[in-house]
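Q: Take a look at the following structure, please.
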Amino acid sequence: MGIKGLSKLLARYAPKSMKEGKIDQYSGRVIAIDASILVYQFISAVRDTTGATMVDEFGETTSHIIGTFYRTIKLIESGIKPIYVFDGKPPEMKDGELHKRKENAQKAQEQLDKALEEGDKEQAKKLMKRTARMTKEQSDEVKKLLQLMGIPCIEANCEAEGTCAALVKAGKCYATATEDMDALTLGSEHVVRKFSANDNKKDPIREYSLSSILEETGFTMEQFIDLCILLGCDYCETIKGVGPITAFELIQQYKSIENILQHLSDKYKVPENWKYKEARELFLHPDVADFSDYKLEWNKIDEEGIKKYLVTEKHFNEERVSKGIEKLKNVKSKKAQGRLDSFFNVKKVPLSKSEAASGVKRKKPTTKAKESRKKK
């Protein structure tokens, strides 16, 4: 899920809200990672010219497992403490968008099959990413590995970005690592894109600051949310003919979608039964747990468990897996460890003015990895 054209719009109207950097600048930070985005990257990136992903001897896809293993090791070696957040059940308002994605994926698969049959490698390469999808089984495999590595995993009530944002608001994490810009719309003060422990010279990490966005644009949080709805989100349609710049200028002039609709020219077509109010409510009050008293725990590495899972069950190279485990075990002896001691003392982020005014109270999670569901 994302906000269409938001990054380009911010580059124009709030350029100071984004800064580029390298992974070592996040040493000593706790980062909430949108797990579905990360796993998708591994599934879509590690594919050959036949369209196949990395598989074991039984033909099972394994790129997401080994990719997560080495990426997590690199993050920890960089002095970062990652938390992985997995998607829960999507909101009903997203059903329409999910249906569109399914149809598009089916069309892309048909085009990919044709390109492969014709030997068009360039076209096939372009289509591979559009057909990559993370299954529940793959998600469970990644969770199992992370738990063996001692890394915290949280299954969100709803979408992962909302829970990542809630962790940042509660002061448990510094930033949300995702490619989806709606993490800002959901209230994450810091959002980092291109978050990789690899060499970032060609594609540096990009960090966005929500408070800087609001300061530079002069918008309130509610106005920023309305802007994002006008730009295009997964929860509802947009006004046809209203592009990014027009959307920004309309919010700047009229302050809210309600006022915009009262003054909007007839040349623009407003969707019938437009559910912008419901979309706004989902952004303002996402289905998340209350993390104010939540304690994040990084457990000891289960060395034998990792070997059994990766080598015995998944048939990865034992020597390489052992080297990875040794790197994890040796992190404490590195200089980065001195900075890790401050991880549990992250300051809490206070409620926004709108939340404070409305008396919002966020729900408390259970001590289990999975968030507690709302009581009916």
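Even glycines carry a Cβ here, placed using N, Cα and C.
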Q: Which range, 111-119, 255-263, 264-272, 336-344, does Swiss-Prot list as region 'Interaction with PCNA'?
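A: Here Swiss-Prot associates region 'Interaction with PCNA' with the stretch 336-344.
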Q: Per Swiss-Prot, which one of ASP87, ASP203, ASP226 shares the Mg(2+) 1 site with ASP34, GLU159, GLU161?
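A: Of ASP87, ASP203, ASP226, ASP87 joins ASP34, GLU159, GLU161 in the Mg(2+) 1 site that Swiss-Prot records.
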Q: Report the candidate from ASP140, ASP234 that shares the Mg(2+) 2 site with ASP180, ASP182, as recorded in Swiss-Prot.
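A: According to Swiss-Prot, the candidate sharing the Mg(2+) 2 site with ASP180, ASP182 is ASP234.
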Q: Given the binding-site residues ASP34, ASP87, GLU159, which lie within 10 A of ASP180 (Mg(2+) 2 binding site) by CA-CA distance?
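A: Among ASP34, ASP87, GLU159, the ones whose Cα sits within 10 Å of that of ASP180 (Mg(2+) 2 binding site) are ASP34.
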Q: Please list, for the region 'I-domain' (123-254), how many residues fall into helix, strand and coil according to DSSP.
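A: Per-class counts: 66 helix, 16 strand, 50 coil.
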Q: Report, as a single number, how many Cβ atoms besides its own are within 10 Å of the Cβ of GLU159 (Mg(2+) 1 binding site).
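A: Cβ-Cβ neighbours of GLU159 (Mg(2+) 1 binding site) within 10 Å number 28.
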Q: For the C-alpha pair, I'd like the distance in angstrom between GLU161 (Mg(2+) 1 binding site) and ASP234 (Mg(2+) 2 binding site), rounded off.
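A: GLU161 (Mg(2+) 1 binding site) and ASP234 (Mg(2+) 2 binding site) have their Cα atoms 13 Å apart.
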Q: Fewest other Cβ atoms within 10 Å: which of the binding-site residues ASP34, ASP87 wins that one? Let me know.
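A: Among the binding-site residues ASP34, ASP87, the lowest count of other Cβ atoms within 10 Å belongs to ASP87.
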Q: Quick one: what's DSSP say for ASP34 (Mg(2+) 1 binding site), helix, strand or coil?
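A: The residue in question, ASP34 (Mg(2+) 1 binding site), is strand (DSSP, three-state).
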